[in-house]
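**Q** What TrEMBL lists as Zn(2+) binding site is 51, 53, 104, 107. Per TrEMBL, region 'Disordered' is recorded for 202-221. According to TrEMBL, the feature compositional bias 'Low complexity' maps to 210-221.
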Ligand SMILES: [Zn+2]
């Protein structure tokens, strides 16, 4: 069954991530039959706005397949007009009920921005724009006295969630109507595990630590 509410979608992602972490992935929806079945239309249950990092492949870390996830990736999950347009397409045209901002530890984009801020220099070419997009998160972290890499990452993920909602009234309206939720997740490269660091709205979504086999019971409600 395809999840069609924000909390069902989030539970499904956590269940898939747990399968991946524990080394028992099901690789759902990756067979030839499913490939044919989804050729005529897609109904992805989650949008993933993730970092481009090669170790952060959404379908792998959430143990999903074709037609499940609508994925937009930029280095440092920076969010410009094309990203917002892609997200709005998924939530309005495809009816996707969940948007996830997916960041991770040891993020090169965040490190590049930290280097740029600390040295007062800007990288050449379009990399400068990427650093400029991450810099406000660094300033916010500094204002809040957060100096450790994990803390800065959490701030950047939360800031990306807020930034998307502030800049996309289309997305904000879907969230206000209860049709969609936006969740910020942090991924650990070595453990393969995600955890929620921000979510809007903050009430109906299930506890992140729920084991995979508890998900169906939660869905029954
Ligand atoms: Zn990254």
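Placement of Cβ uses the backbone N, Cα and C atoms for every residue, glycine included.
Note that the coordinates shown come from a computational prediction; the quantities given were computed from them, not determined experimentally.
Help me see these features in their spatial surroundings.
**A** Using a 10 Å Cβ-Cβ cutoff, residue 107 (Zn(2+) binding site) registers 26 neighbours.
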**Q** For residue 104 (Zn(2+) binding site), name the DSSP secondary structure in the helix/strand/coil scheme.
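**A** It is in a strand.
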**Q** Determine which residues of the same chain, besides 51, 53, 104, 107, have their CB within 8 A of the center of the CB atoms at the recorded Zn(2+) site, and list them by sequence.
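**A** Near the Zn(2+) site, beyond 51, 53, 104, 107, sit 50, 52, 55, 56, 75, 76, 77, 102, 103, 105, 106, 108, 109, 110, 187.
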**Q** Could you tell me which of these binding-site residues, 51, 53, 104, has the greatest number of Cβ atoms within 10 Å of its own Cβ?
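**A** Result for the most crowded candidate: 51.
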